[in-house]
Amino acid sequence: MTSTTPAAGRPTVATVYGYPRQGQNRELKKAVEGYWKGRRTADALRETARDLRRTNWQQLADAGITEVPTGDFSYYDHVLDTSVMVGAVPERHRAAVAADPLDGYFAMARGTQDVAPLEMTKWFDTNYHYLVPELGPDTVFTADSTRQVAELTEALRLGHTARPVLVGPVTYLLLAKPAPGVAAGFHPLALLDRLLPVYARVLADLRAAGAEWVQLDEPALVQDRTPAELSATARAYRELGGSGDRPKLLVASYFDRLGEALPVLAKAPVDGLALDFTGAAAAHLADLAAVGGLPGKRLVAGVVSGRNIWINDHEKSLTTLGTLLGLADQVDVAASCSLLHVPLDATAERDIDPQVRRWLAFARQKTAEVATLARGLARGTDAIAAELAANRADLASRAGSALTHDPAVRARTAAVTDADGRRPQPYAERTAAQRAHLGLPALPTTTIGSFPQTDELRTARADLRAGRIDTAGYEDRIRAEIREVLAFQEKAGIDVLVHGEPERNDMVQYFAERLTGYLATQHGWVQSYGTRYVRPPVLAGDISRPDPMTVRWTTYAQSQTSRPVKGMLTGPVTMLAWSFVRDDQPLADTARQVALALRDEVGDLEAAGTPVIQVDEPALRETLPLRAADHAAYLAWATESFRLTTGGVRPDTQIHTHMCYAEFGDIVEAIEDLDADVISLEAARSHMQVAGELSGAGYPREVGPGVWDIHSPRIPSVAEAAALLRKGLAAIPAERLWVNPDCGLKTRGWQETRASLENLVEAARQVRAEV
Ligand code: GLN
Ligand code: ZN
């Protein structure tokens, strides 16, 4: 690191783009859910929200953040808030919104008895979900800046320097989808010219309310964009930049590099850019130099990762910041993206070893890091000497720890050869061996793994935690549940049985709790959607498996029935995707460690007589990198880790995999590369479309496209399921078609589960008779 000397001119600003909304004790969740249940008035809800905003801004200011964000707060979702801001309320929700804006807002988010909500989908490659705007050629936008203005005014009155943060117009349209019933060929971006005046109005209102700067978030520009989309971007910012009565505009991007959108924004008549400099986006440093820097503009440098939970490397950041001083007029310091994606406060984690806790940075710690770096940039590194020393010591403790460097794990991963991930027999030979071994009928029936997680099961887990029952008592209850699940499946006539996963609280957490190298948090909640928060485990160190994790339950189940029982595991990609993963080595290396631990579990299951083993990878598709150029490298390690997990089994052991989502067109080759024998997928809602996609792409193996949409309590009739199966048969021959639901049944009730599975089996029987 070069010793940084003070920057001249205006003081360096420390800022963030957003902060966790929920509050220290998830007060927002309680308030919103209380309002839904009629236990709280709207005024009480607003009061809680105001308190949370005040607390958050104060926390930021106390940590040394000199420009706080406003408008990042939300009762449910900030993209839905943007739809309200621009008046894009779907026709079916207008009456409710007119009658009561708050209730109408929640109706758009959650639906009502009669009206469907907006669709929900993932916010880029995070685990946050937003409500998808529905737009059509008839959409009329109208500006409603009330909330934005009110929150800015609130912050200014409290004495903060504040910068409203809005979803930018291009990203808003790129995230939207055509409203139901809109003719094919309509793309929401066609509405840009109608939307820009509405944004200009909101910007003018914010200016009038005292905003010097407004931030427009354009993360959609870090994805591959067409020339038409790039020129729309140029037009949008030419127009907004040229409008008279406007605040200064800061266009922000995050999650990856801007690529070809960087020169477009660099040339636009806006006043500043906020760029991500973490991970792969560190390439922005070279990209910026290549476009000649940002003369005359403000650069907000996102040098502290806003989405992982690890302490920053200050020296590295200071080097980056030092280089940037030569490339822009003013360099400010920020987290790379909104801190919405990380939990609030690592110091609350009293159960984590204090030494290890020092490696963690949640939102509060990250704001302090940003403030420290801003001070270092403004006043020179001597001004932050103590923080730098502490940072160096914490990084060294992490690098030298036995948790992050287990020689046995390292030796084993280093010794992995390509052959470990290759089953020696080709699929065609294996399938014959498996047929002989399993003796299944054509169109065999199975389920995806979990059966209803009843109140009794949850109570049993709570009782165990609270010490009201002991481990033996708990395990008795689990075994009783397994017997019940098996008895039902036998009676219903299902061919490949499952034990029902009653012992699992969550498909990732269950394994994380049993693998060395993972940590659990007590308060590490992050918003998944609306009032739903998740507490992802922390993959902190080298991964190993001290003991078998599932073998006991699977073999118990097998001992109770003569039909084949399928063992159930969560795959390495999903174990990473739904955790906070260490950032001190490539993901590929971490995935390989997890794969080897799971490989041992697969081996133990097989040795204990499990004829079928399913390794779930629902996250394989969703973790696909944002840019196509990065897909191949990701898919290479992702599929390798799956093969490493499953590649050690005998030819007659049948490997299944399962994925939930329906859009597979672009990864069929990767699915084949998993070298699994059977794949089950979600297909009921899209009427078996995925079966056609797989066979169209020449997928040669066995497939179970779901014939029961388990996301709804609706029971599919025999005729309905049979019709879907016949559709499946049009794409996949009978000897390769399986019959199963879309996904696991843990969220379903027993009543609909019984009826639906009985209908599924009957449909299979009928269609079997036809082939
Ligand atoms: N085996 C898991 C279950 O049945 C799979 C869940 C998933 O795909 N998300 O619950
Ligand atoms: Zn699923």
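Cβ coordinates are placed from backbone N, Cα and C, and glycine is handled just like the others.
Just so you know, TrEMBL annotations never went through curation; they're auto-generated.
What you are looking at is a predicted structure, and each value in this text was computed from that prediction instead of being measured.
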* Among Glu67, Glu617, Glu622, Glu640, which residue does TrEMBL name as a further 5-methyltetrahydropteroyltri-L-glutamate binder in the site formed by Arg26, Glu27, Leu28, Lys29, Lys122, Trp578? -> Glu622
* To do: For the Zn(2+) site that TrEMBL lists with His658, Cys660, Glu682, give the additional residue from the candidates Cys337, Cys743.
  => Cys743
* To do: Would you identify which residue of Asp345, Asp600, Asp604, Asp616 TrEMBL lists as part of the L-methionine site it also attributes to Ile448, Gly449, Ser450, Glu501?
  => Asp616
* Quick one: of Glu27, Glu501, Glu622, Glu682, which of the binding-site residues has the smallest count of other CB atoms within 10 A? => Glu27
* So of all those recorded positions, Gly449, Ser450, Asp616, Glu682, His711, which one's Cα sits nearest to Glu27 (5-methyltetrahydropteroyltri-L-glutamate binding site)? -> His711
* Asked: Under a threshold of 6 Å between Cβ and any atom of ligand 2, which of the binding-site residues Gly449, Cys660, Cys743 are retained?
  -> Cys660, Cys743
* Asked: Taking only the binding-site residues Leu28, Lys29, Asp616, Glu622, Glu682, Cys743, which have a CB closer than 6 angstroms to any atom that belongs to ligand 1?
  -> Asp616, Cys743
* Asked: Whole-number Å distance between the CA of Arg26 (5-methyltetrahydropteroyltri-L-glutamate binding site) and the CA of His658 (Zn(2+) binding site)?
  -> 33
* To do: Would you give the longest CA-CA distance, in whole angstrom, between residues of Ile448, Gly449, Ser450, Glu501, Asp616, the set recorded as binding L-methionine?
  => 13
* What count of other C-beta atoms do you get within 10 angstroms of the C-beta of Ile448 (L-methionine binding site), across all chains shown? -> 27
* Structure fact -> Note on L-homocysteine: the CB centroid of Ile448, Gly449, Ser450, Glu501, Asp616 has further same-chain residues inside 8 Å, namely Thr447, Val498, Met507, Met568, Gln614, His658, Cys743, Gly744, Leu745, Lys746
